[in-house]
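J.: The structure under discussion is supplied below as structure tokens; questions concerning it will follow.
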Amino acid sequence: MALQPESPGQPASTVDPAEIAKFSKLSAEWWDPTGRMAPLHRINPLRISFIRDAACRKFERNAKSLSCLEGLRMLDIGCGAGLLCEPFTRLGAQVIGIDPSATNIAAAKLHADKSHLAIDYRNVMVEEIDPRERFDIVLAMEVIEHVTDVGAFLSRCAALMKPTGIMVVATLNRNWKSFALAIVGAEYVMRWLPRGTHQWDKFVTPAELEQHLNRLKLIVTEQSGLVFNPLADRWKLSPDMDVNYMMVAEAAP
């Protein structure tokens with residue numbers, strides 16, 4: 001998406017500079033660790049390490065290697081502006097990031113271009129991915145609480161996994177604690193998220209998620225909660241899955 005200088009014999013660029021400016025502003029917001037996306041930036045290192053370590057255990061890689069995911073195909077569903085796509089590309093994975101928001105994809109492409117990273121970003125829904133495409137790692141991070149049919153969505157995700165692949169899902173538990181912290185606390189008190197970002201009745205309990213996965217002949221191999229410590233102002237992995245949690249699933253033997 002970079003603008004090229006006009007030269008004799010070269011047609012003028014058809015890219016609208018105003019659009020570039022708009023996408024640049026959005027990209028800066030997504031990637032500003034102190035701005036509106038600060039909560040996501042705080043939790044992102046934990047998501048990255050959890051996914052990386054799970055993948056390295058599955059595929060017998062050295063998690064300390066800077067190219068530990070080399071040769072692995074990864075699909076990030078609902079990728080936003082690429083906060084997961086970029087670090088996993090740097091670790092060697094061949095990453096495809098998809099998002100139904102054209103604006104998010106434009107911002108993601110712009111930031112990847114500035115970072116000199118080759119990432120295949122697509123403005124599509126998971127249902128539009130060619131079923132012949134298969135991936136070693138399928139990510140559905142903070143997505144299922146926004147879909148209309150969790151079972152159908154996960155079925156489509158599972159269909160895109162290689163037989164030896166893994167799926168990593170992150171979402172929010174459904175209980176009064178998650179209502180108090182993820183909605184009242186995050187959206188109304190702390191104002192980390194715009195009001196209305198989440199609907200509590202669309203949250204998914206760990207038992208429900210595991211049931212969906214089991215119906216698809218997948219088994220949960222790893223799971224972890226993510227807990228925020230307000231005194232330390234940081235997130236940590238925890239056995240406590242009352243609010244935020246992640247699961248790794250693979251094909252049942």
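Cβ coordinates come from backbone N, Cα and C, glycine included.
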J.: Among Arg42, Arg47, Arg52, Arg174, which residue does Swiss-Prot name as a further S-adenosyl-L-methionine binder in the site formed by Gly78, Asp99, Met141?
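T.: For S-adenosyl-L-methionine, Swiss-Prot names Gly78, Asp99, Met141; of Arg42, Arg47, Arg52, Arg174, the listed one is Arg47.
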J.: Under 8 Å Cβ-Cβ from Gly78 (S-adenosyl-L-methionine binding site), six or more apart in the same chain: what's there?
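T.: Looking at Cβ-Cβ distances below 8 Å from Gly78 (S-adenosyl-L-methionine binding site), excluding near sequence neighbours, one finds Ile98, Asp99, Pro100, Ala140, Met141, Glu142, Val143, His146.
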J.: What is the total of other Cβ atoms whose distance to the Cβ of Asp99 (S-adenosyl-L-methionine binding site) is within 10 Å?
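T.: Asp99 (S-adenosyl-L-methionine binding site): 24 neighbouring Cβ atoms within 10 Å.
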J.: What are the sequence-distant neighbours of Arg47 (S-adenosyl-L-methionine binding site), meaning same chain, six or more residues apart, C-beta distance under 8 angstroms?
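T.: Listed in sequence order, they are Leu84, Met141, Ala170, Leu226, Met246.
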